[in-house]
Structure formats: C-alpha cells, structure tokens
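Chemist: Take a look at this one; I'll ask things after.
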Number of protein chains: 6
Amino acid sequence: MFYHDSKLQYKVRVEKPNPAFANMLQQAIGGIEGEIRVCLQYLFQAWGSRGPQKYRDMLMETGTEEIAHIEMLATAVALNLEGAPVSLQEEMAKDKVIGAVMGGMNPRHVLSSGLAAMAVDSNGVPFNGSWVVGSGNLAADMYANVMAESTGRLLATRLWEATDDPGMKDMLAFLIARDTMHQNQWLAVLEELGGLNGVHPIPNSFPQAEENQEFNYAFVSTKINDEDGAAERMKSSRWGTGQSMDGKGEFKVVPAMPKGQKPELAPPDPRGHAQKEQMTGGASGLVDKVKEKLT
Amino acid sequence: MFYHDSKLQYKVRVEKPNPAFANMLQQAIGGIEGEIRVCLQYLFQAWGSRGPQKYRDMLMETGTEEIAHIEMLATAVALNLEGAPVSLQEEMAKDKVIGAVMGGMNPRHVLSSGLAAMAVDSNGVPFNGSWVVGSGNLAADMYANVMAESTGRLLATRLWEATDDPGMKDMLAFLIARDTMHQNQWLAVLEELGGLNGVHPIPNSFPQAEENQEFNYAFVSTKINDEDGAAERMKSSRWGTGQSMDGKGEFKVVPAMPKGQKPELAPPDPRGHAQKEQMTGGASGLVDKVKEKLT
Amino acid sequence: MFYHDSKLQYKVRVEKPNPAFANMLQQAIGGIEGEIRVCLQYLFQAWGSRGPQKYRDMLMETGTEEIAHIEMLATAVALNLEGAPVSLQEEMAKDKVIGAVMGGMNPRHVLSSGLAAMAVDSNGVPFNGSWVVGSGNLAADMYANVMAESTGRLLATRLWEATDDPGMKDMLAFLIARDTMHQNQWLAVLEELGGLNGVHPIPNSFPQAEENQEFNYAFVSTKINDEDGAAERMKSSRWGTGQSMDGKGEFKVVPAMPKGQKPELAPPDPRGHAQKEQMTGGASGLVDKVKEKLT
Amino acid sequence: MFYHDSKLQYKVRVEKPNPAFANMLQQAIGGIEGEIRVCLQYLFQAWGSRGPQKYRDMLMETGTEEIAHIEMLATAVALNLEGAPVSLQEEMAKDKVIGAVMGGMNPRHVLSSGLAAMAVDSNGVPFNGSWVVGSGNLAADMYANVMAESTGRLLATRLWEATDDPGMKDMLAFLIARDTMHQNQWLAVLEELGGLNGVHPIPNSFPQAEENQEFNYAFVSTKINDEDGAAERMKSSRWGTGQSMDGKGEFKVVPAMPKGQKPELAPPDPRGHAQKEQMTGGASGLVDKVKEKLT
Amino acid sequence: MFYHDSKLQYKVRVEKPNPAFANMLQQAIGGIEGEIRVCLQYLFQAWGSRGPQKYRDMLMETGTEEIAHIEMLATAVALNLEGAPVSLQEEMAKDKVIGAVMGGMNPRHVLSSGLAAMAVDSNGVPFNGSWVVGSGNLAADMYANVMAESTGRLLATRLWEATDDPGMKDMLAFLIARDTMHQNQWLAVLEELGGLNGVHPIPNSFPQAEENQEFNYAFVSTKINDEDGAAERMKSSRWGTGQSMDGKGEFKVVPAMPKGQKPELAPPDPRGHAQKEQMTGGASGLVDKVKEKLT
Amino acid sequence: MFYHDSKLQYKVRVEKPNPAFANMLQQAIGGIEGEIRVCLQYLFQAWGSRGPQKYRDMLMETGTEEIAHIEMLATAVALNLEGAPVSLQEEMAKDKVIGAVMGGMNPRHVLSSGLAAMAVDSNGVPFNGSWVVGSGNLAADMYANVMAESTGRLLATRLWEATDDPGMKDMLAFLIARDTMHQNQWLAVLEELGGLNGVHPIPNSFPQAEENQEFNYAFVSTKINDEDGAAERMKSSRWGTGQSMDGKGEFKVVPAMPKGQKPELAPPDPRGHAQKEQMTGGASGLVDKVKEKLT
C-alpha cells in the first residue's frame, strides 16, 4: 500500500510562466515517453512479478518514486499556466509574443482543466493504458524499461533545451539525473540475469532447437537494384558477419527469397454474403474437409 | 519504393482450422507486440534517419521484411477461419468443442471481415499508431527495437505453446527464428555505437555535467516499514553498489526524502469560473507578477 | 511525494482460481468505473487544486489510498490466473467447465502479460486518460467523484454477485465499504460548499443574470403524439413544477419549439475543392464580409 | 423514433467569424464535456431504462433536446470558419492577428471537413463512446448526469468568457440556461428517489451488512510527516467527524495501515516462457492445487 | 431541432433472449459499420452542407431516421439480455449451452450497463468519432455513405444469418430494406451530380491539368517474379486498357520504377540530442540554408 | 513477400522548409484519409481475398504502391522540419512569421520524433487500425476504396492549395494523379462486377425477397413543420420518384410513422443492483419465461 508526503520530491519553481511550455510538459506526463507510463509500468510489473522476490521489491520502489515525478510535472504545468490568456479577443490583436504563445497552448488547459495539468500528451491525446508493458518475462520487461527511460531522458533533455526558465531547467536537470540512474538500474538487472549471452534470445526458456535453424542468425536483404553497394555494407557490418551478440550463432547475409506458396483461400462461406461473383474460384479441399468435420 | 512477390516468405499451412486460434494470432498482427508495429516502426525510423546512411539501409531492409510477416500471419488467420461457425444457433447446442471455440472467437471475424484477418489485436482493439516509436536518437530506437523483438518473440513462443497444429508450429518456428536474429541485429548496432559505456546515458550528446549530480547514480528507496530487509537486499544488488553500468558513476542507495516544497497555486482566474468558495486562499504573488506582465 | 509498504491495504485471498473472473476484475482496474481512474482523478485534482488548502490535502489522502486498491485488484487478478489454461488444444475438448472458462478469459492474459493484470478493462480496452476529470471547479469535481464512486461501488457489488469465492467476496466487501465512505466524503464537501442552494448552478461564480432567463428552469418537452399522457406526468413530477432544486427558480414545462432560423452557410471556398455543383447556392453576404476583412 | 424541424432550437449568429473560436467550440461538440456525450448518454439511459416508466420518458425528452444543441454548435463552428485562411503562405507573413488565429485553428477544419464541424474535441481527439455512461442504476446515472451538466455548464461559461462576439455570447447564454435546468432536473430525480438518506450508498439495494463494517465510514489518512497539521484539519472537517451524509454511520479518521499480506505469486507457468531465472522462487502450493484440479 | 415519438419505427420482438446475440448486435450500434456512425455522419454532413439546399434537407431526413435505428437495436440488445447469467458460478458448470453463451457475452453487459446496450462494438471497443466522415465535398461524402450502407447491409445480413429468432429476423429484414433504399438514395445523388463522367475524378473542381499527366491513368505494377502471368491479366482487365471510367483518359499498365532520388536528410539538430555518432553524415546544404534564414 | 528500392517512387523536393506544413502533411500519412490507411486496407483486402484470383493480384499491386507513398510523404515531412525552431524562447519574441509557424507546428515533432514524421494525423491523433476496412464482400470493399481515394485526392488538392513550395506542389501533383487512377481502378472493378444493376443492393447474394418489401425503396421523411416545401422537393428528386438506381424497385416518398411499440423492459435483475425504487414497474412475462428456461 502507499503513503504520501505533502512536499515534493524536488523543488519546482517557475520564474516566467509560459503556457506553451506547459503544453510541452504534458508530453512528460501523459505521453508515451512520460511518467504515468513508467509509473504504471513498474508497478504493474511488480504486482505481477513471479520469481525471485527482490525484483518485485525493486520495481515497487521505483514505481513509487515515479508517482512523485508525475506530481512534480503536474505542479510545473499549473505554475506555467498562471495568468495564461483565457480569452481570444483581448490579447490576440495586441502582442505577437502572446499570439505565439496562444498558438502553442492547449485550449483544453483553459476550457477543461481550469489551468491545470491533465492526463494527456502535448497533442491533447489521452494517456493510453496499452503503453503499460509487463510481459511476465523479466528480461523483456527490463528492455521495455531501458527503452522507456531512454526515450524519457531524451524527452527531458529536449524540454531542457526548449526553455530558458532557470527553475524549469533545474527541475529537468533532476529528472534527467533520475533517468540516468534508471537506465543503469535496469541494465544492472540484465547483467545479473547473465548479460547478452545469458539473456538472449529472449525468452531464454524456449528450447532454441525448436526454432528454424536456417534463418535465426541471417540478415535477410530485401533490396532490389543495389546501385549504391548497400548489400556490401550490410555484409561488413557487425550484424552481417561474425559471432552473433548472444554467442549462439554466426551472422550471415542472405537475399530475401520466397520459401512459401502463393496463398489461396477457399471460396466464401455463402452465409457471409460476399458478392455472388466471388463464389467461384479459390482453393478447394480445405473447406470441404472443415465442413465434413462440422457436420 | 516497394515491390511484391505473390509468394509468401515462408510456407503457411493449417491442418486443423481453429477460429479461436485465429483470434489469438491477431495479437501478432495488430497487437502492441505484433508485426504491424515493428514494420511501421523500422520503416518510420528509416525514413527519418539522420546520420550515417547504413542505419537507414538496414532499417529499410528489415522493415520491408516485416511486411511479409504480417502477410504470413494474415494468411494464417484466414486459413484458421475456414469453415468457422457463423451462426449462434446451429452449433451452440450441439458440441462442447465448438461451444468452447465460439467463446474464443472474435465475433467481428464473422460480422466485419468475412472470415479474414483485421488490423486489430486479440481483444479486437485496433492497431494504434502511438506504438510506432522513432525518436530521432539511434540508441533509444535500438532499445525500442530490442524490446519489440523480445516481447514479439515471447508472444510467438506462447502462440507456439497454444497450438498443436504442425503447420502453425512450423510457421511460428520460422517467426521465432527471425526474432532471434532481429534481437541480435539491434544489439549489434548498440555494440557498434560503443556498447554500454559508449551509449549510456542515452542521449549521450547531452552534457552530463548539466544533470543533477546528487541523484544520477542513486537508487531511491521509497519503502516504509522494512520488516523483511528489502533495503539490505537493494544495497547488495548490482544496482545498489559498485560502478554504474555506463561506467560513469558509483551506485548508492538513498532513502526517499522530500527536497521540494509543499506546492501552492494561486487562486483561480475568475474567468475560469471555479466555485466562489475557491477564490480565496492559494499562493499569491506569482499570478500578480504574471498579470503585470500581461497588461 | 510517495512511499510504499510491501504489505497490502487489505488481505487478498483466492481459494479457487478462476481466469474468467480474473477478466471480470479487470473492469475494476482499467475500466471507466475502475481504480486507475479514481486514483489519477483525485491526484490530478489535488495537484491542480486552487483555493483552500484542505481540499488539496483531502484529495491527496484519498488519491493515495486508491493506488493501494489497484494493487489489491492486480494481485487478485494474478492469483485468479494461477494455473490457467494456456493452450487451446489440451483442455478444449475435455471439459465443459474449462471450455466455458476459456471463452470468458482474456487471451492477452496468456499471450501478453504472462498471467498477470494489465491496464485494461474486461473487454481488453486500454485505460484511457480522458476519463480523468479535473475541471478546476471544486463542486463539479465533487460530482465527478460521487459519480465515480457510485458506478464504482455498483461494479464492486456486481463482481461480488458474480463470484462465490470467499476470499474474493471478502476483498470486495472491503472495497464496497471504501466506496461507501468515499461517496459520503465527496458529499460532505458539497455540504461544506453550501449544499444544493449554495452550490448550484455550477459554476456558482458565473453571474446568473447573464444566462437566458426564459429557459433556465423550463423542462423542454420534445414529444410528438402524446397518446399515453407523458406530458401530464412530466408536469406533475418534481422537475415539472415547484421551486427548482437550487432555490433560484420555478420549474415549468414548455413544448419544444424552434426559436432559431433555418441555417444557411455560404458557398464553399473554391480552394477547399467541393464539387463544382456546390459552388452556387448557399447564403451570401457573410463570406464577402469576411473576405473583405482578409484582403 | 424521431423527427426534425429544419429550424434551430435557438438562433445562431456570428458577427465576426473566428476560426480559433471554431476550434474551441469543438470541445462543446465532441469533447467529454460536450453535447454528443450527453445526447447519447440520456438516450442510452432511456433505451435501457428498467423500472418506473416516467424516467424513461424524461430521459427521452432531454436526450432528444440535446441533438438540437449539437446542431446549434455545429452551425456555430461552420459560421466561425467562413472565410478562414486555407493556405499557409499568403496570410502567415502578413498579419499578426491572422497568424495568431492560424496557430489556434484546427488544421483538419481546412484539410478534412472543408470548414465544417467534426465529431472531435478542441484537440482534434475524436469523440469516444466510452464516455456514454448508463449503469442500469438510476441514482448512479443521475449523478453521471449532474456531473455532465456541471462540467458542461462550466465549459459553456468559459467559452462565453473567451469570445466577445455578441451572437456567440447570446447562443452560449441559452446553452448555459439549459444546463442550469438540466442540473436541477437530475437533482429533482435524486430527491424523488429519497434524497441523500434514501439514495446512498449507491446502489441502495446491496445489503449493507455485507460490506466491511470497520472501514465504511472511516477517512483513511495516508499522510507521512504531518508537519503542517493536515491530520488535525481532516478530523475537524465535515468528512472527519459527525454523522455520515447518508445518515447510516459516523465519520472517523484512521491512519492508513496494512491489513493484508505481502503478496506472493507462484512461479511462472513454464509454457508462458518467463526467463529461466524466474522459475525458482515464488509462493508454492496454490499452483499445485490448481494443476491438480486441471489434470 | 428534433422531436421524438415514444413508439419505435418498427417493432422489436425477441422470442428467445440470447446474450451472445446481444453482443453481436452491438456491432450494428457502436461499430464502424453501425448506426451511430451513419446517424452522426449524415447529420454532420447536413449541418456543414454548403451549396444547393436540397442536399442538406435530404441528409437531415435520413440522419434523423437513423436515430430511430439505434433505438431499435438498443432495445433489441436489452431484450436479448433479459435473464442473462450474471454470475460465473451457478451456470458455468451446469449446462453447455449456457457455457457457450457466456463465452460469447460481453462481461460489461453485466458489469457496466446492467443488461442494456452500450455505445461500443461487439468487441467492446467504444464508438469512435473519427469514423464520422464529412468532407465538404458532396460526391466524396456520397461515396462515404454508399460505403457505409454497403458494409451496414452486409453486417445486417450476417446478423440475420446468425440468429433464428423470428422477431430478430423480422427486425433485421426491416433494417436490410432500409439499407437497400439508402444505397440507392446516395447513388441517386451521384447520378444527379453527373454520373461517373461528371463526378470523377473527385474533387471535380481541381484543374486536372495540374495533376501529373504521366501517371493519372496508369496501373502501376509492383510485381516481381511474375511466374503466373498476373501482369498479363492486369493488362487485359477493365482497369488495364480502354477508356478510363471517368471518360477522361486511357488506361495503361506500367511497371513500378523509381522516378525519385534516394532520400538524404541533414544531420540532426544538436539540440534534439541524437547520439553523438549521428552528428556526422547526412545531406548538407539544405539545413545550412535554413539556418541562415533563421539567424 | 516484399522488396524495396532505396530510391523514391517520385522525387521529393522542399525549397522552403515549413514546419507548419510538415504538420499538415501528417494528415496524408496517419489520418483517416491518409496513405497508411489505404496501404493496409488494400493489403488486408488482398490477404483475405476469396474468389477470383485477379482481384487479389490487383489489390496486392496497389497496396504495395501505397507503401511508397507513405515513404514519399514521410520524407517530405522530415525535409519540411529541417531547421525548425526547437526552443520556445529564442524565436518566439523575434519574428511574427516564425511565431505563426510555431503555433502551427506539432510539438511532438520536436519532443518525440526529433524532426521526423510520425504515424499520426495533423492533430497528433495516432493512426487507428479500425479505419482499415476489408469486409469480405468485394463490392463493398470497392466502395470503401473509391471513398478512400476520393477523400484522399480531396486532401491532396487542399494540401496543394496550402503550399506554394514548387517541390511540394510537384510531389502533390503526382499523388493527385495516382488518386485519379485509383478512383478509376476501383470503379472499373464495379463495372466488371455488373455495374449498378448487377452490384446493388450490396451484398447481392442475400435473397432480396427476405428483406421488408414495404420500405426497401421508400424515402422516409422525418420532417415536421414543412414550411419551405422540402417534402415537395424530395418527391421531385431523383431519389423520390422513378426507377431505383439498382433497377429493382420504384422510388417513393413516405412520411415517417411508427410501426412499432413503445418498448418496455422487464424490471432489473436483483443481482445487478439497480436502486430499490426501480424494482417495480417494467414489462412482465418475458423475464419469467427466461428464468424458467434457466432453471
């Protein structure tokens, strides 16, 4: 269960409120690279954690920390919206700076939230639960987490570049630091799990002998008209030759080439009401076999 | 630009059509772990690729291959739907196997697509473009790709376990093999980019001196009532002590503790029509400063 | 900021795991009536709170409690999925109880999460941030909260009816109790804010003299062919006569009747490429006035 | 069934078309606070109405009226878009007012709808059917309706503040009045149903003896480090002491405290292909019991 | 504006309630082929109608009729849910027919709506406003409408096949008939607008001389390895030779062939924080020209 | 399966990068009228094609071509973003042209993609798989395709009007030409399938004698208060009189009039926990019949 402290994890100051920057900050709250995503992702991974208990513990710790980051950013959004223009008339004609700000604002910050943060991204697209990845495989989840912290830190550095408010830069410098730690933290788990060789291919519990042995370490080249020598460059790349990263195969480059048939489906089931003209043609046999089985 | 071959990349056979398995296969087509996602993800990363051209080339090659995987799975769905029950009456009362199958079917396979694949997942939730990650940072993108191929291979092995149709198992064994290669391939790029030490923290182009130096290698423990010694376990883990994975810091564990203030917002803008009772209270000063600026 | 305790707020026991019930529980996690919604709703309301500080405090307290409810339910889902059928073949043909369960399962519990909870509802539709309502008006927010706790308690009682597992019934009895409290709690705020007469019409800060005085307490009847005397019943209802609930008007019933014009738009802008046949007709005058202004 | 009148319910005039205001008006059409939502909500509640027929009648009347409100707003959007800039070049460099307007426009008003209203909100996010709440419980639905009319009236007053076009202000004054009535109307039903004491806790048909009796009237305080006396303020609030709003309990304040266990899940099902390293650890017993049952 | 009649447009009878069929009917309410879509589509097209007034009139008439169809289907859903199993225990183990029905039910019909229709499709995916097409071009809209009525009638015939309830078959026979009319009705408008030759290419107001004259009547063949003579079949098809359908060109078949360059983007903007390794390479010149302009 | 060529299908040049136009171009990539939609739509129709093989062939050809169109547009977006303002401070105050551009930019082009295209529309709303229509009925699909190419060409002409960059105009002139061809191509299939008379009503395989014979060629007029003679205009229109377009009936106009009953549902199931006050009233009989059946 959970407790709160009414103070913030780190101070949030805004010297020059900027409603357009408030909108940009929303990406770090409700966007796919944002804090609601990592918060729920780590917590759901913890709550579904099967296997050694220390991973559950760790995920709980960091998932809980992320709630505090949403809080900091939501506070920053509200502070950036203080004094925002709430009417189209007065300011529009007056001042080009304000005109530009208004173009960059989210109108719903005026209309829907009363100058406060919302659970949306910087296009106003609502947070979507499908982004919360917890696969039940610890290694896959760690990569999902490294990826989330990588795009998250990237976003934070871009926000840092986009503002010159010292308070905002300070807050972002804190969040950037946390993302540095979290990238390292998930990588540390991958090392504990055995590093590249021990971890891959994920899942490592599937008997690799069951996978197709011809194509599991082959770079398939789909290129036609290779006038600029790309094929050659592929062959000499790290992924085109030498031992595979997981140490379990040898990279090679092969040209794309069909190994399968031209697909043919049976004619439509009459009760599905295709056009009459579709009723002939199509593969036969399979559907008859099926019908037999059903009757 | 693109060309097609009317044959499949690998053969797709279904011996015993199973409409419930057709529904499960949809996850590999239109789900977040599925092939539409990786296909568009690699192609969009290629199309927006800035920097050394060989990464664009490679992403184009594999993005193009993934279209063929969508095709194989869409074919497999259609074949599994041959002869599916299209009416609730006839079969329902008859046969418990068919009853179970009907419960596991997607009714829209009957109602909307006429027994063919759709751009949805195995809950019928449509494919969502927000899953297509291309960040402009090559390393972040590679992690997004490793993650996609890890959850993708995991999904394919689970589908392999869920079926005993030899044709389906063979097709999945091919797709599992491709995911093995693709995991390795994106990891190979990360090695080329410098490995853990060269790549992290992502983005490596942000001057790390600008990030907060107190919290960038600290595991923040949010736990209260540590009766079972979790804190100790955190300290002795790979992420709790020793050199950080990126080689740029030393891990430590610190207890969560507020460094910020209790946030206080200004009273509401009267034109935002909060309740009258909210108009008093709140922080002062900031909003006045803002209003001054605006008038 | 936030802390966690590794123990649950209330005990979660499952005596007979039931994967179909696991799916039903998802509604209480990621559905519109669920706990992610109220959790984020109360926290976002707190973080954007303007006016007397005690409402921020209260919203923080309860928002934090709700995280613990998500946790309980996520745990309950995972426990109900222990031992779930992960393959279509083996069980399907065998046992009608299992067949029924499989029909009621979410296939993504097998394919995507590895038998753990996800941030989706019981149709697999992802949680959607648009459900998080925080309007900046405290009274409107309190109604949003009463509504959330009313549909939430309703959902919990229906889940209670749907199961006969004593552990699940006990957990739900706890959650039902919390929803009782929370309904009362938000209603208590409305009383503090002045009750019906003080609070309505929301927002109470808009000068009511500015609203249309002919239609603000009139029930508009849109019914044609009133053979069964509905009009009469409307007139004798609480909303058809007597003092209005906010004490500021007198209810009346009026028949629907157009007070406006038949709308006429100008012909299309030629650069918007309507069909040629649309270019004539339409209102004139307005668009000319506009064009004048623009040139 | 339904009929239409080609005249509007109330007149819609636009003196100075403003495409940025057209975009803001979209919130009142396709937004969560908008008219499509209430229209469908009241109609679906009517169509699913079980119990006394007069509530079905009333919901039909008002649901039908709301279609007319969508119509008025759609007309207002089209009129505000007359003469809008449809090209980026010409205007952009010329005039700062137009520049500001363009920033606030929805580009899809030019590209997709040909200067007409769409079923989206003011961020261009499409209307979403999940917002249509009809729970089958009349009291819960009435709160959903009061909430919808409260956020709806709030939105309308904010739009009223955002424009100085007299035609638009007049139309909004009419819509604000209707929302006043509708708030009162749904509250009147709640009074008819018994008021606070009769209605709550919703649903009132669940035997309250079945809910947990320790926590049904307790305010749970999750706060740590109470330096500013919030706990005391909670205790002296309306929700911290005295009779509960429903008259069925006594409010009290209790500190958050775990009553449950630290959750432990069984090890992963091997066919779910977690990493090998996860296969040990986890709770035992439960899963064995399950497997037994399945075999 | 709008009025209602408390009677249905056509009678709705259910002899044998079937909750699985209730779920299938949802596709015709909230699905992309469903009645909410056509209802809003015709009404939005009417409200945004520019040009001859009779098209607005016609769209209003039919849009209004469609509300009555939603009503009929919503009633049918509720009637099919009468007596549905609301608990997993009792029925599951008992009866294979009920087991099969439960698998085909939407659990939210029990949990969320209290056995009534919702604004979702038969996968529980909410209605989405993006499906409401109104382009401002009358001919494009008519095709959108023909398409909607074609997939709509197809859906209705499939529902007709899926049930053997005489009441449901009768209601569907009515809806199928209405779709026949509506297909014809939109086609009649296209004839009035000039038929194939007058209407196409849509929009007919764009000066066709401005479009590329080499590719406007060419079938581009992307096929590689034409072993089965598809190219020949394309050439002899109606679209491969002879006068084009709009009478303005001559069909031809040409092989796909790149007419463009290999794209090269400039190196990343340093403030976008790509990895350092990406900073070299890429096209030059363009970005310098841009930077010049900006400084 | 598929191959690629590293050159573009047609040249993409941008002389004056314009980030606001980059945003508008997104509509043609990830919007409902855009190229991802038609690409997936034609490919999924091909993959599910049942009946004569040449339609599968044709759909594959054109579906493959569309991938190249996404590529061209994605390239155009990236080129229009070269040198875009990535910070709010520097430019905002300086230059009104840039201010206007910033208002029209998608902030996620800076924050999320690093100045590259994304799988979203020009409001930032992600591509949605529900737009991919493949019904299993060839004629319905052809109308879906004509509609897609009609709104697609309309969009392209509007983009052509919105820019004065000669490179962009040239690229759009190519895409407009392709849409001309594709409209003609799908119409050619409809002619092959028998033209209006042979094709309609879609599906033509449903026995038309089964549909309601009273309403299948009747225009239903829902209008009240026909002061302006609309009814007369309807009667004299192509859809009000004369032979129907499919040649199978005679058009007529009839006034809307209820043929059905006032619907009455049974009282709520007690386990669904409606309010107690709802338990009386409602239809009887049906539910009893149902309960009988269940017990």
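Cβ coordinates are placed from backbone N, Cα and C, and glycine is handled just like the others.
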Chemist: Please pick, from D:GLU33, D:GLU35, D:GLU214, D:GLU227, the residue that TrEMBL records in the Mn(2+) 1 site together with D:HIS69, D:GLU149, D:HIS182.
Modeler: D:GLU35
Chemist: State the Cα to Cα distance, in Å, between D:GLU149 (Mn(2+) 1 binding site) and D:GLU66 (Mn(2+) 2 binding site), rounded to an integer.
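Modeler: Counting only the Cα atoms, the answer is 11 Å.
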Chemist: Which ones, out of the binding-site residues D:GLU35, D:ASP57, D:GLU66, D:HIS69, D:HIS182, lie near enough to chain C that their C-beta is under 8 angstroms from one of its C-beta atoms?
Modeler: D:ASP57
Chemist: Taking the center of the Cβ atoms of D:GLU35, D:HIS69, D:GLU149, D:HIS182 at the recorded Mn(2+) 1 site, which other residues in this chain have a Cβ no more than 8 Å from that point?
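Modeler: Leaving out the recorded residues gives D:VAL38, D:CYS39, D:THR62, D:GLU65, D:GLU66, D:ALA148, D:GLY152, D:LEU175, D:ARG178, D:ASP179.
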Chemist: Calculate the distance in Å between the alpha carbons (Cα) of D:ASP57 (Ca(2+) binding site) and D:GLU66 (Mn(2+) 2 binding site), and round it to a whole number.
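Modeler: Distance between the two Cα atoms comes out at 15 Å.
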Chemist: Can you filter D:GLU35, D:ASP57, D:GLU66, D:HIS69, D:HIS182 (the binding-site residues) down to those whose Cβ is less than 8 Å from some Cβ in chain F?
Modeler: none
Chemist: Just jot down the residues in the same chain as D:HIS182 (Mn(2+) 1 binding site), at least 6 apart in sequence, with C-beta under 8 A of its C-beta; none if empty.
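Modeler: Result: D:VAL38, D:THR62, D:ASN145, D:GLU149.
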Chemist: Around the C-beta of D:GLU149 (Mn(2+) 1 binding site), how many further C-beta atoms are within 10 angstroms, looking at every protein chain?
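Modeler: The answer is 28 other Cβ atoms.
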Chemist: List which of the binding-site residues D:GLU35, D:ASP57, D:HIS182 have a Cβ under 8 Å from any Cβ of chain E, in sequence order, or say none.
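Modeler: Listed binding-site residues meeting the cut-off: D:ASP57.
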Chemist: So how many other Cβ atoms are close to D:GLU35 (Mn(2+) 1 binding site), meaning within 10 Å of its Cβ?
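Modeler: So the Cβ neighbour count for D:GLU35 (Mn(2+) 1 binding site) comes to 24.
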Chemist: As a test of the contact definition, list every same-chain residue at least 6 positions from D:GLU66 (Mn(2+) 2 binding site) whose Cβ is closer than 8 Å to its Cβ.
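Modeler: When sequence neighbours closer than 6 are ignored, D:GLU66 (Mn(2+) 2 binding site) has D:GLU35, D:VAL38, D:CYS39, D:TYR42 within Cβ distance under 8 Å.
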Chemist: Are there any residues in the same chain, six or more apart in sequence, whose C-beta is under 8 angstroms from the C-beta of D:HIS69 (Mn(2+) 1 binding site), and if so which?
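Modeler: Same-chain residues close to D:HIS69 (Mn(2+) 1 binding site) (Cβ under 8 Å, separated by 6 or more) are D:GLN9, D:GLU35, D:CYS39, D:LEU175, D:ARG178.
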Chemist: Determine, from DSSP, whether D:ASP57 (Ca(2+) binding site) sits in helix, strand or coil.
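Modeler: It is helical.
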